[in-house]
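Asker: My structure is below; once you've seen it, I'll send some questions.
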């Protein structure tokens, strides 16, 4: 036995006048697990005494059960298999388990496995520990009012009013505009921002803690976006500044209303193929290019539904890694192209060096950044360019390279 297992058994035990685990007791159980220095020994002791199954059966409601499951999955190693088996047995009389609300797309065991894989990846890739974090924006509408600015997760936004849903279905111009990208003239928007405004936006984006669906899978508080971007940059031989620039550009042209529309459409009966989250990753792109490969093992990825993929894209760490992995894919693809067959690209970006894309962006000509920005948002290297977007991303990149920019 351990001190934590003794405490947990006392909190989940029933008596003649105590036939349920209260919310307060459940929170004490979860806190004990999260603060335990020997979690594997505690799980082994609970398993040996027959209390491990009871733990999973008795701690609720679903949001607290998920917190419990994530805390155990993220902290165990030697005893993770035993914990998973106990969880399976606990679901015999409650097959839905934690599948409520947005979690309907994740069977309880899948949720356990995602938390376990994420915790392992965070430790392996160096973004498990929390870092210094900044303050979110309070903007609720207009440019730069989506998750990148506010930290409000798309899955937490209210359902779009039924009247607006009908108007969107009928393509009412005013309603479509309300739920679409807010910027028309990208250059005009940038001209309204001072250098300090741009720095403030960039710092707001990267300084916040990640907006994650799996906070309890981390050993402490979730890490900052800057920390996750830095980890993704190391993994894919990129720079955090390039990842940050791509995301900042996407988030400048994003609103809270559009976040709501894109996510809710993706998980609706239509399963719309929308772009979701920080890097505005398209659901089909995440699936086709297996953009979660470095955070989730193949068994988990293979079992994800399309709506589960859409939901994971709303979680910052998954979106940042998906964005970075796709940037690297587009860059590697460029290094294999023949510039003579891309006359429009060569004309628009005269300093482009396709071979340089195989290496780190620190060694790219600036035109490489601009060209990649165009190809990130469309079919890559088909010689059809995205008007205005290369310079829009380049402006964000310049902000991240500014000496006044603090990248935690």
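Any Cβ shown, glycine's included, is placed from N, Cα and C.
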Asker: For the Ca(2+) 1 site that Swiss-Prot describes with 253, 254, 258, which of these is also annotated: 181, 319, 332?
Answerer: 181
Asker: Calculate the distance in Å between the alpha carbons (Cα) of residue 384 (Ca(2+) 2 binding site) and residue 253 (Ca(2+) 1 binding site), and round it to a whole number.
Answerer: 21
Asker: Determine which residues of the same chain, besides 375, 378, 379, 382, 384, have their CB within 8 A of the center of the CB atoms at the recorded Ca(2+) 2 site, and list them by sequence.
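Answerer: In sequence order, the nearby non-listed residues are 374, 380, 381, 383, 385, 386.
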Asker: Whole-number Å only: compute the distance from the Cα of residue 375 (Ca(2+) 2 binding site) to the Cα of residue 253 (Ca(2+) 1 binding site).
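Answerer: On Cα coordinates alone, these residues lie 17 Å apart.
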Asker: Other than 181, 253, 254, 258, which residues of the chain come within 8 Å of the Ca(2+) 1 site, judged by Cβ distance to the Cβ centroid of those residues?
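Answerer: Same chain, not in 181, 253, 254, 258, Cβ within 8 Å: 143, 146, 180, 182, 183, 250, 251, 252, 255, 280.
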Asker: Give the sequence-ordered list of residues that share a chain with residue 378 (Ca(2+) 2 binding site), lie 6 or more positions from it, and have CB atoms under 8 Å from its CB.
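Answerer: Looking at Cβ-Cβ distances below 8 Å from residue 378 (Ca(2+) 2 binding site), excluding near sequence neighbours, one finds 384, 386.
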